[in-house]
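> Please see the structure below; I have some questions.
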Amino acid sequence: MATTSLRPCGDYRSSYRADQTLFDTRLSMLFCAGGVVLLLFAPFVLSGYVLSLMIQIGYLGIAALGLNILVGFSGQISIGHAVFYGFGGFASCYLSHKGVPVPLAIVLAGLWTTAVGLLFGLPAARVKGLYLAIATLAAQFILQDFFVRATWFTGGTSGAVAEPFTLFGFDMSGDHRYFYVVLFFFVVLYLGAANLMRSRDGRALVAVRDHYLSAEMMGVNLTKYRTMAFGISSFYAGIAGALYAHYIGYMSVEGLDILFSIQFLAMIIIGGLGSVMGSLLGTIFMVLLPELTGALAGALQGSAIDKALHLKDGITYMREMLIGAVIILFLIFEPDGLAHRWRQIKAYWKLYPFSY
Amino acid sequence: MGGEPSGVAAGATLLDVRDVSLRFGGLRALSEVSFSVEKGELFSIIGPNGAGKTSLLNCISGRYSPSEGRIGFEGRDITRLKPNKRAAIGIGRTFQNLALFHHMSVLDNIMVGRHHLLKNNFLTGALYWIGGAQKEELEHRRKVEDVIDFLDIQHVRKATAGTLSYGLRKRVELARAVALEPKLILLDEPMAGMNLEEKEDMARYIVDLNEEWGMTIIMIEHDMGVVMDISHRVMVLDFGRRIAHGQPAEVLADPHVRKAYLGEEDVEDPFEQEAPAATPGAAVRQLSA
């Protein structure tokens, strides 16, 4: 039975195919497709600044999704995500310097990062919980040190220059053009993850997270899937890092510290662990929050409150404090993240106005 | 019921357990347990708490590795085979303490049971529409729906497994094990904590699996009424040893079994008041109460 309402009040699907679609209603599919089409026109309308924010959301969102596959879906922890992101950036700089076309370099950088991720993921099959957290912390420090010392690869402390992104001789750098590059990778990688989660290996990952003993009894090879989660997660991080490097045109060791790794964790916790869409929501939140608090601080500057409390320079620190406060509030009031809130809104509308 | 296996062609040995011992440090959980299960049989293992029943099941399903002895399945030695390989050769199981994937839907839970039958991997899975993953997923969805129909859980197929009631979870767990298409299915207390009605349903599913789906079943169960009514053969364990083994009526009459369950002979003996052969179920139901 075809339905025209926004949210059908029951289950009217009549084929297994319709029951296993990516989007639960036709409308949400149209919304997403329409959204992507609208985004195609964004560079014609929006300012460079807004576009740069969206590009940021794009590549950080890809990295966050990678971490969510590892932490949210397969139930392992990683506090070294930033270095895989960094490795992808450096690898792409290195490859593009050697004459590899940039689009190919980005994909290859993703694969190289996968190899590194698998290497560090191998102990993952053996340790769990806090021990795994420490093992990934080791990855964070080892690779960070490697970036500083391996001057042939990263340029050491002075960093590496990334070639501009060109496609068939056409220069794609600059906010207005690079936007399309990020959008392409974003759509492909998000669709890929959503598909993965409704097929065999995605289910196996979640099964390992929820009950590894019975997953094993169902024929799931625990070692394989735990390691695989690290591989996939690093691939996403690597691509994201490479996209970042070619956007900025430069990759530096600075900023790839543990705080950045924790920021990725914050994104997926706020967005919703184990939710593909949550990864995006969390990233949007984390990218826009500094904007919001920055604006707030700007408004306070020189106001009566500022003078009364003698805030002066303290006003810039308010921004950082607010981010911290918001994360704590999320952990207390919405531990399942924004994705959960969104699901509840949808559930409410399902039977509107008769939802008793 | 009771008596001879009535399912598929009986006679060939499916599972052969020879002198299996299991030690945890100084503790002997199992001592030289031997038995064999034939194709199409419904075989029950009973015994007091701590007798080693679940340990024995864990040896068969590969969670524990026996300290001594060997386990053969269809003539092949599987004593050291990894647990995740045993699904592929046809051994499925359910757990005593529910072991569902709590955050997954019932449907996905059961689909995980078909893991070893599916071929799509993370690459074809991510591409989904290209490379045949969708086609394969839909084919298997059809098979899973057969299992869902059989166990009457259509109404909860989209529900998150962790939100279901206890009885339903047990049924979903059975569904997941059945979806594996096992030759041998190990049920660890499938009726524990159920009310009478749920027990009757579960007993019916088990008998149907055995007779109509042709699955060989090994069941651990404390409800003696059910055990005596539906099993073809029963084995009794006590302190990790096999103390009796045979047809339900024989086992019931065995003095060792009575001793294990009731203590020494001088205790008042309910078997003397009621003829065990006539109404075996009733007699032991009283005993286990």
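Every residue gets a Cβ built from N, Cα and C, even glycine.
For A:27-51, A:58-84, A:104-122, A:129-148, A:178-197, A:227-248, A:260-289, A:317-333, the entry in TrEMBL reads transmembrane segment.
Just tell me what is around each of these and how deep it sits.
Beyond the ends of the transmembrane segment (A:27-51), by six or more residues, the same chain brings 6-7, 21, 175-177, 179-180, 183, 187 to within a C-beta distance below 8 angstroms of the stretch.
Long-range contacts of the transmembrane segment (A:58-84) within its own chain (CB-CB distance under 8 A, at least 6 residues past either end) are made by residues 113, 116-117, 120, 124, 128-129, 132-133, 136-140, 143-144, 147, 179, 182-183, 185-186, 189-190, 193, 196-197, 202, 205-206, 208-210, 225-226, 229-230, 232-241, 243-244, 247, 256-258, 260-265, 267-268, 271-276, 278-280, 282-284, 286-287.
Listed as Cβ neighbours of the transmembrane segment (A:104-122) (distance under 8 Å, sequence separation of 6 or more from its ends, same chain) are residues 80, 84, 87-89, 91-92, 95-96, 135-136, 139, 143, 163, 185, 226-227, 229-239, 241-243, 246.
A Cβ distance under 8 Å defines the sequence-distant neighbours of the transmembrane segment (A:178-197), meaning residues of its chain 6+ beyond its ends; these are 22, 36, 39-40, 42-43, 51, 54-55, 58-59, 61-62, 65, 69, 73, 106, 165, 167, 172, 203, 206, 232, 236, 239, 243, 246-247, 276, 280.
Distant neighbours of the transmembrane segment (A:317-333): 266, 269-270, 289-290, 293-294, 296-297, 300, 311; these residues of the same chain sit at least 6 beyond its ends, with a Cβ under 8 Å from one of its Cβ atoms.
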